């Protein structure tokens, strides 16, 4: 997600860790309204349906800070390394070595004490009260009187005081979005004490079992905490390592696939373009640059089977990396067996070629192109993971497009999230991410009941990792780098592609699909591309090229 990245607020990465308070923020586990830490590397993190959100802990372990430090808040729970909750009175600092693997990837700090920042934070809060007293009078020692002063038209000239007034009002009215933005601004400005104070307030407002904005806020807060402690990469990796058993993770993905039309929309629109381009071909070769579970090709094989005059011979080259291998429960041979069995059932001649590698490593010889085959290339939710010119001089994003163009494909399909986070500096990227995922979490809330026992798991394991990566990571460590379709058009045009028209028949099929979800989803065709949106927010864009 990034190009010539705006000068990031890297100054905060050089701040000594002793200036920041460590937070005990392990993975969620809710049981009998208490939160427990589940550290099983291959275990399953399960969630009951809590009726109380009195306690909140984010995904983060204290891997970047080196010790568990209890934050002095009545709603914060501390955890020992073996997973048992400990009270404030019994809390201690635990060395990082007791619960963290010694990995060469871990370059973060050693253990520290939280006393310095706690003292600073107490002093900071005292100064805030002094400021409030100056603004509102010596008797104004609570937010009620503060709000009263606001209603009386108190006029503050200073922009800083006006910002403070708005933030205090947002906290009082529990305007979670406003407080999230204020906290992100403090992080961007390297205002550590303000950021820590607002994080403390946010912990009282977010909940993984609450309203959509409360649930999203929990993961946005996690990203802010990780960024402030420079631990985004380690958290991202630890979340990957602490995913549940493969079959269960696959079930989470399947739930998300079923309750949100994003993937179906993308797959259906891409398959329609491929079927149209290959309607007269006898031998078809499809290169899928992120085949994942292979679900996209089930409906296409069925469609080819019903083609007048009989199906073509289909060969699929499936490319994918180790992350998807974990989700599948094994290597690409699992996808090959599944699709081969399906093709055999529908009497479609079929071959499968596996290329187990990242898109960054793909070279011409990995693609197995043969003469006499009509070629289709599929980029579905994949290219945004490729580093571009802002990250690497190799610019794999454009390199892959040039490589594919050299193969003279009949059609190339592109499906991507319609979001602008690639080259954006941290703060505008945070705002864009908040807006995008607000729409996504709202849409999930409509189709997946809030009391559904697996909803928290779906959001945590399928969405939270991406959010943490977008907010907390920079440079090569930030792999979630989305671009708007306008930018993708420029890249395809520079590689020599021209637009391929989408099928109006497919558009009608997708509209029927959306009728099964919510009337707040919308489908719009603009400039030869299809956009899936939620209310007034575009979420996914799909187009084809030749």
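Start at 1 and count along the chain as shown; that gives each residue its number.
Here the Cβ of each residue, glycine as well, is placed from N, Cα and C on the backbone.
The DSSP breakdown of the region 'Leucine repeat I (LRI)' (174-234) into helical (H, G, I), extended (E, B) and coil residues amounts to 45 helix, 0 strand, 16 coil. Taken from TrEMBL, the feature region 'Leucine repeat I (LRI)' covers 174-234.
Across the range of the region 'VHIID' (253-318), the DSSP-based residue counts are 33 helix, 12 strand, 21 coil. Annotation comment: TrEMBL describes 253-318 as region 'VHIID'.
Annotation source TrEMBL lists region 'Leucine repeat II (LRII)' at 334-366. Only residues 6 or more beyond the boundaries of the region 'Leucine repeat II (LRII)' (334-366), in the same chain, are considered here, and those with a CB under 8 A from a CB of the stretch are 289-291, 293-294, 297-298, 301-302, 304-305, 311-322, 325, 328, 382-383, 385-387, 394, 396, 400, 403, 406.
Per TrEMBL, the feature region 'SAW' maps to 472-546. Computed over the region 'SAW' (472-546), the whole-number mean pLDDT of the model equals 93.
The motif 'VHIID' annotation in TrEMBL covers 284-288.
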